[in-house]
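Quick look at what Swiss-Prot lists:
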type: BINDING; residues: GLY100, SER101, VAL102, ALA103, VAL104, GLY105, LYS106, SER107; note: ATP binding site
Amino acid sequence: MWEKVDQLTPSRYSPYRFFSAEEWAGFRADTPLTLTYDEVKRLRSLGDPIDLDEVRRIYLSLSRLLSAHVEASQLLFEQRKQFLNMEESFKTPFIIGIAGSVAVGKSTTARILKELLARWPSSPKVDLVTTDGFLYPNAVLREQNMMERKGFPESYDVGAVLRFLSAIKAGMSQVRAPLYSHLSYDVLPGEYQIVDKPDILIFEGINVLQVRDLPEDGKMVPFVSDFFDFSIYIDAESQLIHKWYIDRFMRLRETAFVNPESFFHRYSQLSEDAARSIGEGLWNNINLKNLKDNILPTRPRADLILRKGSDHLIEEVALRKI
């Protein structure tokens with residue numbers, strides 16, 4: 001199943017170590033389970049079957065790994081301060097990037113991790129920001145004929161993303177992240193999430209690991225992932241993601257889309273067959289193309305790949321070698 005990850009190199013030369021879910025679960029050690037059944041149910045996205053068993057099996061080991069990375073990062077920061085004779089006392093937040101296709105479960109992973117990390121014995125301050133708010137407003141996308149490219153790299157204000165992450169890394173206070181409404185399917189004008197000197201920031205979005213073409217003149221061009229201390233890619237076969245996307249679309253048709261204020265309210269008025277046809281078109285013409293052209297190629301850049309099976313649960317893990 002991992003051939004596509006390692007298609008360019010023989011497995012023994014892979015930059016990753018591969019583990020089954022059962023092997024990965026063994027790395028939990030004595031990491032405590034600090035979430036309840038009801039909390040997991042509240043945190044998971046529509047159609048995501050994650051439960052306490054999955055948290056025990058996958059996320060407790062991941063929490064332990066991230067704890068080790070955060071501790072090592074803090075030690076390195078202190079050593080570098082001494083090396084450079086720095087007197088500044090500001091803290092540099094540890095930033096975790098989470099990438100993957102639409103409907104693959106990024107948001108659930110991000111929310112579960114946020115809660116687990118915030119409950120470490122050290123009680124770190126953990127914030128979660130998604131890239132949705134950094135999309136250009138619909139008015140701008142319409143003006144530039146890009147509504148059907150929404151979610152593609154060019155539909156994001158990358159400059160705003162870079163300024164936000166740079167401010168976070170610089171230890172600035174009261175940094176604003178624009179908010180997005182899935183009801184109106186648009187950025188909320190004048191509304192922001194305030195991120196105030198977190199110990200850990202989780203930054204989640206489909207294209208956060210993407211890079212741009214390098215300039216020929218050697219000028220410094222920052223990438224979003226340059227600000228990450230650790231990155232995670234949520235992976236699955238495209239046909240599975242397709243099924244999850246359509247299943248979610250049809251559920252939303254009977255729930256969120258029923259709201260007259262929903263951008264997609266018109267789909268709730270269609271027959272089941274007509275709505276399914278719309279969903280298939282959105283998948284094939286937009287989301288599948290974005291996955292193949294822009295999202296999947298970033299998978300080898302992740303520090304950790306969580307591979308899901310047909311039941312939407314993680315069955316394999318790839319961890320980059322140090």
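The backbone N, Cα and C atoms fix where each Cβ goes, glycine too.
It should be emphasised that the depicted structure is a prediction, and the values quoted were computed from it without experimental measurement.
In sequence order, ILE206, ILE234, ALA236, SER238, ILE241, ASN287, ASN290, LEU291, ILE295, LEU296 constitute the residues six or more apart from SER101 (ATP binding site) in its chain with CB-CB distances below 8 Å. Annotation note: SER107 (ATP binding site) sits in a helical segment as assigned by DSSP. Around the Cβ of SER107 (ATP binding site), the number of neighbouring Cβ atoms within 10 Å comes to 22. Note: the ATP site is recorded as GLY100, SER101, VAL102, ALA103, VAL104, GLY105, LYS106, SER107; in the same chain, ILE206, ILE234, ILE241 also have Cβ atoms within 8 Å of that site's Cβ centroid. Packing around GLY105 (ATP binding site) is summarised by its Cβ count: 26 other Cβ atoms lie within 10 angstroms of its Cβ, all protein chains included.
Ranking the binding-site residues VAL102, VAL104 by the number of CB atoms within 10 A of their own CB puts VAL104 at the top. Non-local contacts of ALA103 (ATP binding site) by the CB criterion (under 8 A, 6+ apart in sequence, same chain) comprise ILE241, TRP244, TYR245, ARG248, ASN287. For the binding-site residues listed here (GLY100, LYS106), the lowest count of other CB atoms within 10 A around the CB belongs to LYS106.
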